[in-house]
Amino acid sequence: MNRLKIFFVNLCRALLAITFVFSGFVKAIDPLGTQYKIGDYLEALGLAGQVPEWIQLMTSVVLSAVEFLLGMLILLAIQRRLVSKLTTLFMIFMTGITLWLTIGNPIQDCGCFGDALRLTNAQTFGKNVVLLFAALVLMRFPLYQVRFISKTNQWIASYFTLIFILVASLLSLYHLPIFDFRPYYIGQNIRKGMEMPPGAQQTVYKTTFICTKDGVQKEFDENNYPYDDSTWVFVDTKQEILKQGYEPPIHDFSITNEKTGEDLTQAILNKKGYTFLLVSPHLEMADDGNFGNIERIYEYARENGYDFYGLTASTEMGIRQWRELTGARYPFYTTDGTTLKTMIRSNPGLLLLYQGTIINKWSRNDLPTAEQLSAPLPLLAMGHEPENNTWTKIVLIILCYILPLIFLIVADRLWAWTKWVKKKEEWVKTKEQWIMGKEQSNKLYQLLKHKRQMRKKIVAGNWKMNETLQEGIALAKEINSALMADKPNCDVIICTPFIHLASVAQVLDKELVGLGAENCADKEKGAYTGEVSAAMVKSTGAQYVILGHSERRQYYGETAEILKDKVQLALANDLKVIFCCGETLEEREANKQNEVVKAELEGSVFHLNAEDWKNIIIAYEPIWAIGTGKTATADQAEEMLAYIRSVVAEKYGKEAAEDTSILYGGSCKPSNAKELFSKPNIDGGLIGGASLKAADFKGIIDAWKK
Ligand code: PEP
């Protein structure tokens, strides 16, 4: 079941990642196209002209980069919790927008995938609902996403991705989009792009005429239009598509001489030889910095007998201003502004046509120079349609981005693996030496001095009297799955109420998570109604038991004597004991903490022999910090744990003390765990409240990761 859940979460993750990466990339490499789309949205919202173009352009670059980055972070499972929340927010926003598009139809194409893939508004909405569901799944189970790269190196992948997409975006802005998804790509014959295939269905429209008479508005169609009744005054028309027919890729291309009204489209497209088209949707906003180059190209065209036209949607005045500003002598004709923006993502941009086929395109920053135009076009490479270099570009992207990323992941995995192997080897070596009785040797002592080589790092949860059986099983499953997806760097134990033990034991992977009880009886067996013996605890599959918790001492009167018996019985039944000790606030204020803790140890566990001592884990829990939100500072905790270790050393010797895991407990959270665990004597934590939420518990476990 859990494996199925992990599979499903990762399936949702793949779906989101692929969609975000693709849609972010195709928009990022066409920043002007995305800016135009943002302009459409602003217009639909009645905000046309209110947001400066440079803000729209910046929004376009940032939005696309964020989308691509989010996709890559999901793909690589980086910052899983934060990223799944951000993705959900993003999808809620996008689904809202596409719902508005589906209902109101203010924009025909949402622009989700730039020009690479066009969906109807209803299709986009459907897609977003699916993605929103996937995002919610990730947000619910963020830790089920299997990591590809360790936490330490995640930042490299994140920054590298951000730099890559921003560079791709800016290069596309300066030159032209790396990939051209529009119908005016190099190699396209515009005439052919406008053709309807034989037998293709034409789109059927319904036109409605709005007229008014005596303040009353009425709609008419072609059949009942009041041609004979002149008292109706025409106001407006609206057109709706009744049946969508075939729409050729180029359906809006025309060139008109505004002065004579002459349609020059066919004449220009059918022209034998070369034609330069200087394209500028709006001359008023065109970059005039390269007009010298444009003039040289115009001169070159005239000298060699090639046509050179300016195409614009600007008014006569705009054209006049441009001529005054640049000295332009070439003729200007009119083409629809949107068409011009589609033809080339540069204002101005230059197209070279040969018999109606686009054979070259230049942004205003890459116009051919005089040196490049040293001979007639047939003798120059630019006078011929270039080979399709899509694959070269794909290979370049693989070399510049995908391969380094793969190298990083492989190096990271190798690094993590060697670290793990090294640790394991050290551990085995040390253990062997110890078993061989070399513990007296200086070398071993040096090794024992390093706690992280010898004693176990542990994070243990104490659920206390919380969670019903069903809730407890669900929580245990969640913790288990999170740890399966992302292996811990420490021992993990969960200690549950008695009734949960047997069921929880069934859902835990023993190799990953240990199981413990929160208490056991001080009697072996017999007529002790309501009690649960150590043997019973053991029979559930549990391996640990917490004894001496301050709540048991305080509310159930457990004395040092009673605890001594419990410890004895637990060990006799092969359970490891997490033995708690700690002072009250008054005792600390009276500076009696050392005395109190030492007495608790002496009273209940210091009678054990060295062999039994190996099965004791100590948890120092200052009572004033338990469940209060007050945490002992890392230094306070370290001081106490160092003291406890010194007391253990006095009793069992230095080596045994170095071998003993001593935990800190008391309002430990993901936010303070790292600092606490960084102290040399703190070997982990006993966690109360924060162990009831899988994400928080996992956050504390992760504090052991570098
Ligand atoms: C505890 O009771 O063991 C404990 C440490 O609780 P909390 O983490 O909630 O303070």
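The backbone N, Cα and C atoms fix where each Cβ goes, glycine too.
Owing to the predicted nature of the structure, the values given are computational and were not obtained by experimental measurement.
According to DSSP, the secondary structure content of the domain 'Methylamine utilisation protein MauE' (8-139) in residues is 102 helix, 2 strand, 28 coil. Annotated domain 'Methylamine utilisation protein MauE' per TrEMBL: 8-139, in sequence order.
TrEMBL lists 54-76 (among others) with the feature transmembrane segment. Outside the transmembrane segment (54-76), and at least 6 residues removed from its termini, the chain residues within Cβ reach (under 8 Å) are 13-14, 16-25, 27-28, 31-32, 34-35, 37-39, 42, 83-84, 86-87, 90, 138, 145, 147-149, 154, 157-158, 161-162, 165-166, 169-170, 173, 409.
Positions annotated as transmembrane segment by TrEMBL: 88-105 (among others).
The transmembrane segment annotation in TrEMBL covers 125-143 (among others). Under 8 Å from some Cβ of the transmembrane segment (125-143) lie the Cβ atoms of residues 5, 8-9, 12-13, 15-16, 19, 74, 80-81, 83-85, 87-88, 90-92, 94-95, 98-99, 101-102, 112, 119, 478, 481-482, 485-486, 694-695, 698, all in the same chain and six or more residues away from its ends.
Here TrEMBL flags 155-176 (among others) as transmembrane segment.
Residues or ranges marked as substrate binding site by TrEMBL: Asn462, Trp463, Lys464, Gly627, Ser667, Gly688, Gly689. When other Cβ atoms within 10 Å of the Cβ of Asn462 (substrate binding site) are tallied across all protein chains shown, the result is 26.
Look at TrEMBL and you will find His549 tagged as active site, electrophile. When other Cβ atoms within 10 Å of the Cβ of His549 (active site, electrophile) are tallied across all protein chains shown, the result is 29.
Sequence annotations record features per position, and here TrEMBL assigns active site, proton acceptor to Glu621. The number of other Cβ atoms within 10 Å of the Cβ belonging to Glu621 (active site, proton acceptor), over all protein chains shown, comes to 27. Secondary structure at Glu621 (active site, proton acceptor), as computed by DSSP, is coil.
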Please state whether DSSP places Asn462 (substrate binding site) in a helix, a strand or coil.
strand
Give, as a single whole number between 0 and 100, the mean pLDDT over the domain 'Methylamine utilisation protein MauE' (8-139).
95
By a simple count of other Cβ atoms within 10 Å, which of Gly627, Gly688, Gly689, the binding-site residues in the record, is least packed?
Gly627
With the Cβ under 6 Å from ligand 1 as the test, give me the qualifying entries from the binding-site residues Asn462, Trp463, Gly627, Ser667, Gly688, Gly689.
Asn462, Gly627, Ser667, Gly688, Gly689
Looking at the recorded positions Asn462, Trp463, Lys464, His549, Gly689, which ones sit with their CA no more than 10 Å from the CA of Glu621 (active site, proton acceptor)?
His549
With an 8 Å cut-off on Cβ distance to the Asn462, Trp463, Lys464, Gly627, Ser667, Gly688, Gly689 Cβ center, who else from the chain surrounds the substrate site?
Ile626, Ile687, Ala690, Ser691, Leu692
Secondary structure at Ser667 (substrate binding site), reduced by DSSP to three states:
coil
Count the Cβ atoms, other than its own, that fall within 10 Å of the Cβ of Ser667 (substrate binding site), considering every protein chain shown.
20
